[in-house]
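S.K.: Pasting a structure below so you can have a look.
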Amino acid sequence: MYNEGVTSPSQLARKKNATDKWHGSSIRKILENPHYTGTLQQCREYRPSVTSKRRRSVNLENQIIIEKSHEPIIPLEDFLIVQEILITRKRRRPQAEVHLFTNTAVCKDCRRSMHFKKNRKGYVCGSYNKHGLKACSDHYVSEIDLTDKVITNLNKIYLKFSKENYFKELSEKALKYKEKIESKIIEINEKLNDKKRDKSNLVISLANGVISKEDYQLAINITNEDISNFETTLHQLSKDLEFQKIEKEIIDFKKSLDKFMKEGTLTPEMLHLLVDEIEVHANGTIEINYRFREPTVPSA
């Protein structure tokens, strides 16, 4: 129904978080609703309290049921056949099998988690798996390839960590960038304060009749834009400054990496200690974001 462009129930109800996608639970509720057979069935659910948002089901004997209360859309016989089919298809969900990259691998394009497909021995985009090509492409990557790439990358990082003076170089690089960012923050703060003074002077000039309203409006718009740009730059610089505080991050990552090299096995627990996220592109290539970050050049 999503692929055919049929309006979803949430869109029809104009909900704030409405989506164009149909979900299995919505379809099931429609199939199980006797209202379409001409039967009025009321008091099917209730709320335990006025403050509760959760609904609970009411036993059938306590519901109000009025048959042939309105014109049916579907015959009762068809409805009963559907109920029998639903019962035969109903099955207990097996305990969810945890795969190595569950909750770690994500689709680069739609940001949904990758789902493991046993028949393909790999992962596909969650949006594609649930809603098809209209939602996203499959972004398929095999579990073996993904494991090999992660292990290869971890081995490269381990060799880098093993180099003499590597930690010292990282600390010096972080300190260098930190000082550069702090200097830039002081510079931008001075410019921001100058612009705020200019804004105050414009207000005084307008009040004293030194400038016209038109000139004031033109000047104040430019000044406000400059102030906004400086504030945005300061916010980004503050984030960059926080990014340089990596010493503890490096130590924790190194401990986990040493443990992995000693054990030689990539388990889900070990993966989550080392890897923050794996982004899978449409062509199957990957980007690995580790829980360790090298100091980076300031963005501003």
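Note: Cβ is positioned from N, Cα and C throughout, glycine not excepted.
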S.K.: For the feature region 'Disordered' as recorded in Swiss-Prot, pick the matching range from 1-20, 21-40, 281-300.
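M.R.: Among 1-20, 21-40, 281-300, the range Swiss-Prot annotates as region 'Disordered' is 1-20.
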S.K.: Summarise the model confidence on the DNA-binding region (1-92) as a single mean pLDDT, whole number.
M.R.: 80
